[in-house]
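Record features (TrEMBL):
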- 87-96: compositional bias 'Basic and acidic residues' (COMPBIAS)
- 27-270: domain 'Anoctamin dimerisation' (DOMAIN)
- 273-838: domain 'Anoctamin transmembrane' (DOMAIN)
- 48-96: region 'Disordered' (REGION)
- 284-308: transmembrane segment (TRANSMEM)
- 361-377: transmembrane segment (TRANSMEM)
- 432-456: transmembrane segment (TRANSMEM)
- 476-500: transmembrane segment (TRANSMEM)
- 520-541: transmembrane segment (TRANSMEM)
- 645-668: transmembrane segment (TRANSMEM)
Amino acid sequence: MFSPPLSCQLLKSLAPEENTKCQQGLYFQDGKRRVDYVLTYHIKKTSSSRRHTSRLRDNAFTRTLRRGREPPPPAPKDDAEVGSPHHSMDHHDDDKCLRREEFESNLMEMGLELERDEETKTPGMGFVKIHAPWSILCREAEFMKLKMPTKKVYEVKHSTGVMEKINVFISKLTDPLHPNLEENRTQKVKHLSYPFSREKQHLLVSASQQHPFSRIIQHIIFTRCSGITSLLGSGVYLAAYPLHDVSIHHYTLLYEEWASYSVFYKYQPIGLIRKYFGEKIGLYFAWLGVYTQMLIPASLVGVIVFLYGCVTVDDDIPSMEICDQRKNITMCPLCDRVCSYWNLSIACGTARASHLFDNPATVFFSIFMALWAAFFMEHWKRRQMRLNYEWDLTGFEDEEDHPRAEYEFRVMQKSLKKDHKSQKFKDLSAKLSASLAILQIGVTFAIVFGVILYRISTKAALAMSSNPMTRSNVRLTVKTTAAIINLVVILILDEVYGAVARWLTVLEVPKTDKSFEERLIFKTFILKFVNAFTPIIYIAFFRGRLGGRPGSYLYVFESYRMEECAHGGCLMELCIQLSITMLGKQLIQNNLFEIGVPKLKKLIRYIKSKRGSFQEEEYEKKLQRYETDHFLEPFAGLTPEYMEMIIQFGFVTLFVASFPLAPLFALLNNIIEIRLDAKKFVAELRRPDAARGKDIGIWYNILRGVAKVAVIVNAFVISFTSDFIPRLVYQYMYSPDGSMHGFVNHTLSYFNVSHFQNGTAPLEPFHLGFHVDICRYKDYREPPWSLTPYEISKEFWAVLAARLAFVIVFQNVVMLMSDVVDWIIPDIPKDISLQIYKEKILMMDLFMKEEQGKTRIEDSYKETSTLTRSRHSPISAAPSAGSGLLVCVGSTHHP
């Protein structure tokens, strides 16, 4: 019962400002030492008297630690110190307590200062607050060779002459789009950077500007004092995290100028994000910003292409022929028995809608998007290089990756077992991982096949409806409902596959975090990519090509006839599936889940705590900062964020020929996504450990791979899914007058209704009011009166040859153009190359002048000493007195 009065007395002795900071939990109990890092652990519930006594002993011990700079020697077992065996027997499991004690002793030996708090408002939780003194930060910064800005500055010229005037004009024009930050003003000077050295500390800028020191504490805990990862993995510690420093100006600026929807039109404060969260997170948001900016021209061109289709739909001759009821073209039934003959004019709406996306402009747009992807990749490389220069990462090499907690824990478990058993387990886990991944892909194909059966059966059931409106909208109903079912399945399997990929990766027990991340990314990308695009690939390349022909259809399970495309082609159905899947994933999975899930978790916390919302807010106000951060969601890495954007990039590039509006919807989503992610990082997640990195890693290679595949996919979509190639072939080879008149009749083959297989003829052959002898179907086949009835015609082979030729030409030309773009645009901007070279020269000059200055001082000192000795050499007692007088004078001027 003595600790609260002692704490109150201590707080009263502090200044008002320090008192507030101490209460917020950002400082130690003395109100002076900042909390740099926090470790949390579980404690058992005990009586309040014991807990208070523990707190009193802890405070006394930690104050003792802070008085001395050297780490204290190990105390005897009966000493009442933090985490001693005697004290821990009442609160913790002995083994975990001993391991914590050993680790915390290592931290103190490294010079860190610790303060324990078990008297919190969070029952069952203990907190270890860690502070790194300035001398320790300097020592570790020198060991890590962190680059720090020196006092030497030089003028930065990004351009000269006309380009400089253009840049100034653009800067003034876009000034309202920049955040209200001092660092966003055009910087005409830059500090030289040099690896930190205590000997050269006089050359560096003041300590308050040396933000890289914030990551040193993490380096000490995770690298220098090895073992924390295994302690986290085995539950000795529950979490380890730095605090959200709400007291600094950076946090307020991030919340106001980045994590607010009211500034959606502004650029992101990338430099501020990097200072607060580290380079890796800064690079992610920089990449997301560049990607979103590049979507603006793609969206504009896509809207223009779509509007071109809207304007020219009334002039499209094939659509006009389909809609012309005077043609009176009788089509073969769409299904067996229950479906009857129908007039082609019924497909008028589908044909006109297909023209919006299937017109000559879509070919241009496909070429444009391929070049856009190349420009995007090059633009990002240049932007990344500029950030590396601005953030002093030009000579940075990836830091050595420390072993993961699970790996160390597994090694400890296996140390008592035989080696051949562990190797056998490793081989078995690798085989199991591959087998389950293949199984999951098989599940995706099975579900797609199930949706196909749904479409076939539903189409037959709706065709038997007595409602004319239902029968007339069979295709639209089946398309839309099947696309929604596919979306729901994709959303569910996305979550399942993400969990399966992580489970398989954990089962493999990779040694390092980098290895774990790369394996997880590969598995997750393959599974989610297959899950998202399998239904789309089926519609684009397989649907309508496996069904057969009237009289010889292909059946599934001997009863379900394979489905066909509408007369306007499968491109419209592909557009519907692509748009519903893309918009559904963005609205539901990417935005609604990210907003709704945290709110739902907070609601559950309210229900469990049996408090109202007002009581919960009042309760949270009383928590220390390190307690508040403990209840935030732990940072799960950037993999989900990148994966979300990579899948979107696939929607934007892979099938853009069928959906020109995809870049526009991606742009609108990303504008919201940036602010949503910003709010999540600032207010809903624990502050991530600052991680250094000079690029986006494996994601760049995945982007390049998707961009290359997109060229091939769009070539096949244009040539095989759309009617672009058949129209060209007809216009230049078969049209009598070189126009598109007669194209629809050219693409339709003839079928004698007497050749239907038994039991497949329509039950109502007089549905149209007259007897039908010949019906038409879309294919290139010989008529029934030819010598080779229903065989593939020569027109089919001509169109196929043209399609294959187009694929080859399109692929090679576009890839060649992309390579030319890659070759023309240098990866490193010219001004950055010059500035890097200039920095090296200036750095050499700086240290040459310093060495010359030292040499002159030493020479001057030697001359003065020699002259003094020569003047006083005749007097024997003078040197002693003079020397003493000289020291006194010197000490007067240099206290």
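The backbone N, Cα and C atoms fix where each Cβ goes, glycine too.
Across 361-377, 520-541, 645-668, stretch 645-668 shows the highest tally of CB pairs under 8 A with the transmembrane segment (284-308).
Remote same-chain residues near the transmembrane segment (645-668) are listed as 288, 291-292, 295-296, 298-299, 301-303, 305-306, 357, 362-363, 365-366, 369-370, 373, 525, 528-529, 532-533, 536, 540, 571, 574-575, 578-579, 581-583, 585-586, 699, 702-703, 706-707, 709-710, 713-714, 717-718, 721-722 (criterion: CB distance under 8 Å, separation of at least six residues from the stretch ends). Model confidence over the domain 'Anoctamin dimerisation' (27-270) stands at 71, taken as the mean pLDDT rounded to a whole number. Within the chain, the transmembrane segment (361-377) has long-range Cβ neighbours (under 8 A, six or more residues past its boundaries) at 290-291, 294, 297-298, 301-302, 304-305, 308-309, 652-653, 656-658, 660, 663, 700, 703-704, 707, 710-711, 714-715, 717-718, 722, 724, 810, 814-815, 817-818, 821-822, 825.
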